[in-house]
Amino acid sequence: MGRFIFVRFGLLVVFLSLSGTGADFDCPPDWSAYDQHCYKAFDEPKRSGDAEKFCTQQANGGHLVSIESVEEAEFVAQLISENIKTSADYVWIGLWNQRKAPYCVSKWTDGSSVIYKNVIERFIKNCFGLEKETNYRTWFNLSCGDDYPFVCKSPA
C-alpha cells in the first residue's frame with residue numbers, strides 16, 4: 001500500500017512539474033513546440049516577403065521566426081538541421097531593417113523586440129537569414145528578393 005501511494009505521489013509531482021513548461025501545449029501536426037510557441041521549417045525556397053505571407057497563412061499569429069534568446073537560437077538551428085535538406089546557403093528569419101532617416105532600425109516581423117542578436121554587422125540590405133556555414137547560428141543581412149527556405153513561428 002505504501003509503495004502504491006509513493007508511486008502515485010511521484011506521478012503527481014512529475015505532472016505538476018511539467019505543467020507550464022511547454023509539455024502541454026498543442027501545436028499543429030508536423031510542427032515543433034518550444035517555450036509556448038510552435039515552429040516549422042519549410043524546405044521550399046521563397047522570397048522573404050512571400051515566406052512571411054506564407055507563415056501568416058499557416059497558423060494563427062504565424063510569422064517568420066523571431067529569435068529572442070541563445071536557447072531559442074539553438075532550438076531553431078537544430079530544427080533547421082533536421083528538416084532543411086536543400087543546398088541553400090541561408091534560411092530566412094523574420095528580422096528586417098526598417099529604414100527611417102537618419103537611422104536604420106532592425107525589427108521582427110511578429111512585432112517582438114530585438115533583445116538578442118547574433119548578427120554580422122553589415123546592414124546594406126533589408127532582410128536577414130541564418131547561414132548554413134555557421135550551422136544556422138549567425139544572422140546575415142541578405143537581399144529580400146532571393147529565394148531561401150524559411151522557418152515559421154506561431155503562438156501555441
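Backbone N, Cα and C atoms are what each Cβ position is placed from, and that goes for glycine too.
For Cys27-Cys38 (among others), the entry in Swiss-Prot reads disulfide bond, with the evidence type sequence analysis. With a cut-off of 8 Å between CB atoms and residues at least 6 apart in sequence, the same chain places Ala33, Cys38, Ala156 near Cys27 (disulfide bond), listed in sequence order.
Long-range neighbours of Cys55 (disulfide bond) (same chain, six or more residues apart, CB within less than 8 Å of its CB): Gly62, His63, Leu64, Gly94, Phe150, Cys152, Lys153, Ser154. For Cys55-Cys152 (among others), the entry in Swiss-Prot reads disulfide bond, with the evidence type sequence analysis.
If you look up Swiss-Prot, you'll see Cys127-Cys144 (among others) marked as disulfide bond. Close to Cys127 (disulfide bond) in the fold, though at least 6 residues off in sequence, lie Ser48, Trp92, Leu95, Trp96, Asn97, Asn141, Leu142, Ser143, Cys144, each with a CB less than 8 Å from its CB.
Per Swiss-Prot, the feature domain 'C-type lectin' maps to 34-153.
Under the three-state DSSP scheme, Asn141 (N-linked glycosylation site) falls in the strand class. Taking all protein chains in view, 19 other C-beta atoms sit within 10 angstroms of the C-beta of Asn141 (N-linked glycosylation site). Residues or ranges marked as N-linked glycosylation site in Swiss-Prot: Asn141.
Summarising the annotation, Swiss-Prot assigns signal peptide to 1-23 and lists similarity to another entry as the type of evidence.
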**OP:** Specify the secondary structure state of Cys55 (disulfide bond) as given by DSSP, simplified to three classes.
**Re:** helix
**OP:** Helix, strand, coil: count each for the residues of the domain 'C-type lectin' (34-153), based on DSSP.
**Re:** 28 helix, 46 strand, 46 coil
Subject >> DSSP-derived structure type at Cys27 (disulfide bond), helix or strand or else coil >> reply: coil
